[in-house]
Structure formats: structure tokens, C-alpha cells
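Novice: Quick one: structure below, then a few questions.
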């Protein structure tokens with residue numbers, strides 16, 4: 001069966017884009033780990049170690065020497081320079097490069113921010129060998145002469161997305177802009193890709209539903225099967241899967257329709273090899289290809305192996321009679337032709353018209369004068385038959401200019417969503433328009449606070465009556481929303497004062513309101529007192545308040561520290577905040593404050609701590625010192641005393657590690673509360689402490705214990721405080737792309 005050879009995937013259609021996501025409680029497969037173990041690999045930045053670039057290499061600086069207009073011209077020239085080793089369909093590589101960009105950017109996951117075009121993961125296994133990325137190895141190879149010419153001045157990540165964007169413009173679809181700024185990885189991302197094709201194709205495993213953490217129907221599949229669910233031409237089922245999959249990357253129904261209809265305006269699919277010859281003629285993917293193929297996979301021994309004999313998804317044909325020009329013929333054909341189910345030469349389910357007229361016929365991609373009937377996927381017909389999608393296909397069909405505009409906006413979102421805020425964009429083609437999915441914050445139209453102002457505000461905070469714990473917890477809750485995967489969240493914007501963050505359980509809304517009310521009062525009084533245009537934002541005050549809390553707690557423990565503070569954060573408005581989108585930043589558990597919403601089993605809590613630390617771009621020592629400090633500071637969620645292993649709660653000292661590693665305490669599971677452990681004095685048998693699995697992992701895991709022992713050693717008390725302060729400042733600065741760090 002074709003499905004067993006190429007897993008029934010529609011690899012040429014622009015509908016398809018891959019899933020690079022994983023549930024929030026794990027980033028890698030932990031099948032070989034015992035329940036007591038924790039996988040620390042997400043905290044190791046091996047990409048920096050594996051990078052061949054000089055240590056002082058800075059992409060933003062290297063980019064300054066790039067001639068972007070010449071790069072664009074070279075890209076435009078490449079589109080029509082057909083190569084014998086991989087001839088261009090219709091003499092134009094544009095549709096091929098659009099698919100390349102789409103499949104690269106389309107891996108984005110809104111659930112955890114993983115995937116997307118940033119970092120160029122499509123170059124590495126497993127993405128480079130996913131069945132749905134068949135033959136895209138050739139597209140990247142076609143780009144190599146351009147990458148070789150411009151070298152370090154342009155990343156692969158930027159080049160791959162630029163290729164699709166320039167292709168669109170060359171074929172009559174003017175994009176709204178393009179931003180450079182994506183940086184390359186140097187190894188494949190060790191991500192949990194979901195169930196295997198064999199598991200997921202079984203109806204008793206998938207039951208017609210997409211796993212929300214992955215969105216794709218199976219590993220290696222880009223979103224949905226174009227033939228229909230499980231390769232069955234079920235239009236209604238296809239519509240349901242399309243909606244779930246595109247929503248999982250943050251797309252609305254309108255954006256979904258624009259992207260699919262616009263993408264399928266161009267190019268063709270490839271299924272020329274007869275079904276009974278596929279197995280013996282199509283070679284393995286790049287990661288299993290013979291060494292002499294030099295990283296190129298899916299060798300095709302049928303006919304010429306390319307051109308009209310190309311084998312890709314198994315579906316065969318084009319959607320429109322003008323596959324290298326932008327128009328709305330896809331929608332015209334969708335509504336004006338009668339579609340009949342048929343099979344491609346490779347045996348894949350597709351649809352052809354029964355009433356095609358000469359003007360509807362599609363030119364052959366390589367043989368002049370030869371014509372074919374247009375095709376549709378099962379998933380294409382879903383755009384007409386589903387009521388929600390039909391609304392927009394009708395709207396776009398009747399309003400071609402609106403269709404063009406909406407596709408341009410959706411394409412920009414698709415290819416830039418994982419880049420984070422607009423402050424990360426570089427280059428000359430950045431659109432002036434702001435979009436809510438960029439999580440915009442207003443530019444400061446006032447003078448920033450001076451050193452003297454900061455000292456005054458610190459004293460105002462100290463005199464406010466707010467406790468150190470209140471200040472520290474609020475600052476943490478604000479800043480720790482950051483995700484390094486897609487650069488969202490963080491303290492900038494003060495969105496902890498807005499919906500939905502202000503109402504999250506972990507932020508303890510009633511307590512949060514008390515703190516915010518007092519800080520807003522300080523802000524108002526200060527701003528009203530200044531006559532020189534100086535102002536302070538609530539976002540800055542929240543962070544400054546946390547700093548004050550840390551400094552005061554250290555002082556109470558006998559240590560004088562000066563927390564660094566960099567003003568410049570501004571306050572977002574509710575209108576600038578997409579509630580649904582921001583709810584994806586809500587964490588199921590935060591081990592730094594011993595919080596869980598109850599959905600994560602106790603034995604998985606240590607791993608979710610690692611996941612949280614990874615999202616905050618922390619390494620192992622930083623995670624360790626922060627947990628130890630937060631426990632000593634007594635800032636657990638709901639005033640929980642689990643892990644507060646100190647007789648001086650609220651003071652910043654190393655008592656958590658000292659007491660955790662003290663052998664006079666014996667730890668036992670609680671018989672009253674799942675996931676709670678009781679620390680008992682070995683001599684008296686009396687209870688001394690309680691702890692969570694997150695706390696005890698620092699004495700159980702050998703690597704974490706080694707770090708914990710450093711902080712528990714005599715003579716390292718000051719080191720602990722200093723390291724905590726550095727790690728705290730790092731978290732507070734996450735998302736501050738407006739400043740050079």
C-alpha cells in the first residue's frame with residue numbers, strides 16, 4: 001500500500017506544515033528513565049558547544065554587511081534557472097520554495113512555542129527526513145550557491161523563509177514585508193514528536209482526534225492527511241482535522257482558508273510513480289540514504305527520477321491553469337467545477353472535475369502542449385463543504401482583493417510568528433503595521449527614571465507596607481511567563497495586571513490585586529510629582545519591587561547586595577493583549593514556587609520543573625540556585641510550607657540545601673497527601689519538614705545533588721546569594737529585546 005511507503009502524506013500541498021510540539025510536562029522522550037529520574041538535557045545548550053562559529057560571532061552584526069537588494073535579485077534569478085539534476089516544474093522554482101518555507105515555518109506550536117522557521121531545524125534529522133518533507137532536501141540544495149555566496153551574513157533560517165517570500169512576490173503576490181533575524185541551530189532538536197505512524201494510523205489509538213500537544217495526526221505528518229483522515233476521503237472529517245491543526249498553531253478559520261487557498265494557487269503535487277512500483281523505486285529519506293548521495297534522500301529510479309517522473313506525496317496534479325501566477329482560480333475551480341473522487345497514478349485519493357472546460361485545463365509541468373485536468377485534495381473540498389470555512393471561501397471568491405490582502409497577512413504571520421516581538425526584527429523590509437499576535441507593547445513616550453529616581457522608588461516600595469514575599473512572588477509571576485521557544489511572555493508589558501494573567505490561579509488573584517493596587521498608587525504619585533517628563537511604568541515597578549524584596553531578604557540574612565535594574569519596560573493595554581493566545585503561556589506547574597494545577601502527576605513534577613527552567617533559558621546551576629533561594633524566601637504558592645527547609649523563612653540564605661542534605665533527617669512518603677514527603681528527625685522521630693518531589697530531586701538526582709552540595713558547603717554562603725541574584729536578574733530581563741544584553 002502507498003500509505004505504508006510514504007505514510008499517505010500530501011507533501012507537495014501548501015496545506016501541510018509540520019508539528020514540532022510537545023506537552024508542557026516534557027521536552028524529550030524519557031522512556032528509559034525510572035520514575036525517580038529526571039532528564040536534564042533541556043538545560044544543556046549544546047548548540048553553543050556544537051557551533052562552528054567564532055565565539056564572538058554575532059548574527060545581527062554580521063547581517064549589517066549583507067546587500068539585501070542583491071540577495072533578493074539573486075533569489076529572483078534562481079527561480080527560473082532550472083537545473084538538470086532537479087528540473088523546475090513549469091520552469092519556475094517559486095512554488096517549490098513556497099512549500100519549503102511553509103513546511104519550515106509551519107512546524108510552529110502555539111501550545112509550547114516550539115517549532116517554526118527560527119533556528120533552521122528543517123536542515124536536521126528528523127525534520128529533514130519526515131515523509132511530509134519529501135524532496136525539500138533538493139530545495140535547500142538549490143539555495144546552497146546563494147548561502148555560499150553570502151556566507152555568515154545571512155542565516156539558513158532567514159534564507160529558507162526569504163525564498164518563499166521572494167517567490168510569492170515574483171509570481172504576483174506582493175507580501176506585506178519580511179524580517180530578518182532568525183539564527184541557526186547546529187544540531188537537531190531532541191523533541192518528542194508524538195506517536196509513530198503505525199500507532200497513530202490505528203483508529204483505536206487516534207480515534208479521529210488530534211493530540212493537542214502535537215496537532216499533527218502522526219509523527220512525520222504535516223498537520224493533516226490531504227487524502228482525508230487515515231487516508232480516507234472523508235470531507236467532513238478532514239474539515240475537523242484542519243480546524244484543530246491550524247488552531248494549534250494560532251490560526252483562525254479566516255487565516256486557515258487564506259493560507260490553504262492561497263498556497264494551492266501555485267505549483268503541483270507529485271505522484272507519478274505507479275502504486276505497484278513505489279516500493280522498489282523510491283529510496284530512503286536523507287537520514288537513511290547511502291553515504292554517496294551526500295545528504296539527499298528519496299532517490300527515485302523510476303524513469304528519469306525527476307521532472308514528470310517525480311514522486312512526492314503520491315497525489316498528482318495542479319489546482320489551477322496558471323500554477324506560477326497569483327489569482328483566485330483555486331476558488332473559482334472549487335465552486336464552479338463538479339468534483340469526482342479518483343486515484344492518482346500512485347494510488348492516492350484525490351478529486352478531478354467532471355465538467356472541466358478547455359480554460360480550466362492545467363499545463364504539464366515539463367511537456368509543452370500537454371494538458372491535464374486540475375485536481376483538488378479532500379482537504380481542499382472541506383473548505384467548501386464546512387460551514388465555517390465556506391463563509392470565508394465565498395467571501396474571498398467574491399472579493400479577490402480581500403483574498404490577496406488576507407493571504408499576505410496570514411503568510412507574514414505564518415513565517416514570523418515564532419520570532420517573538422517586533423523588537424527582534426532586523427532588515428529593511430519590516431512592515432510598519434503592528435499585529436496583536438506580535439504581543440505589542442507601546443513605545444515609551446517619556447523620560448526614563450534616573451539613578452536618583454530609582455532610589456526614591458525603592459524607598460517608596462519599602463515604605464508601602466508590602467512584604468518581601470508579596471513583592472518577590474509578584475515579580476516572579478510576571479517575568480516567569482517567558483518562553484524561549486517563541487520569545488513570548490516576560491515582564492515587559494506588565495500583562496500580569498491584565499486579563500487573562502491577572503486571573504490565573506497560580507497568580508493568586510486576590511493577593512495579586514493587593515500588590516498591584518499599591519504599586520499603581522506609587523506609580524501615580526511618582527509620575528504626578530515629576531515635571532520633567534520622567535515616568536515609571538508599572539512593568540518596571542513590579543520588577544523593581546522584586547529586587548527590593550530580594551535585597552531586603554538578603555540584608556536580613558546578613559548579606560548586602562545591590563540588584564541591577566534596567567528601566568525601560570512599558571505597559572501594554574488590554575486591547576494589545578490576545579486573551580486566548582496568552583492563555584497558552586499559563587503553566588500547569590511551576591516548581592520554583594511549588595505550584596501545580598493538579599493535572600500533572602506527582603512523579604512528573606520534577607520534569608516539569610526542568611521544562612519550566614528550559615523555557616526560562618536557565619542552565620542547571622541557575623535552576624538549582626533559584627529553587628533553593630525561593631524556598632528560603634518562603635514564596636511558595638498559597639503559602640505552602642513544602643520545601644521551606646529553614647528556621648528563618650523569608651531570609652535569603654542557603655538553608656534549603658544545608659537542611660536537604662542533612663543526614664539527621666529521614667524522608668518518607670506522606671500517607672495523607674499524594675506527592676508530599678515528610679522529613680523526620682532520625683533520633684526523635686518527630687516531623688521537621690515537608691517537601692515536594694521537586695524539592696527532593698535536588699538530593700536524589702546525582703547531577704543536581706552535586707550542584708546542591710556546592711551551595712551547602714561552608715564558605716559558599718555568599719556565593720549562593722550572589723548566584724541567586726544573578727539568576728534572578730536574568731529572569732527579570734527575559735524578553736528585554738529592546739536593550740543590548
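Each residue, glycine too, has its Cβ placed from N, Cα and C.
Dumping what Swiss-Prot says about this protein:
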SIGNAL    1-23  signal peptide
SITE      99  site 'Transition state stabilizer'
ACT_SITE  103  active site, proton acceptor
BINDING   264  heme b binding site
Novice: Given the recorded positions 99, 103, 264, which one's Cβ is surrounded by the fewest other Cβ atoms within 10 Å?
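Specialist: Least crowded of the recorded positions 99, 103, 264, by Cβ count within 10 Å, is 103.
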Novice: Rounded to an integer, what is the Cα-Cα distance in Å between residue 264 (heme b binding site) and residue 103 (active site, proton acceptor)?
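Specialist: Roughly 14 Å, rounded to the nearest whole number.
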Novice: Work out the three-state DSSP category of residue 264 (heme b binding site).
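Specialist: SS state of residue 264 (heme b binding site) = coil.
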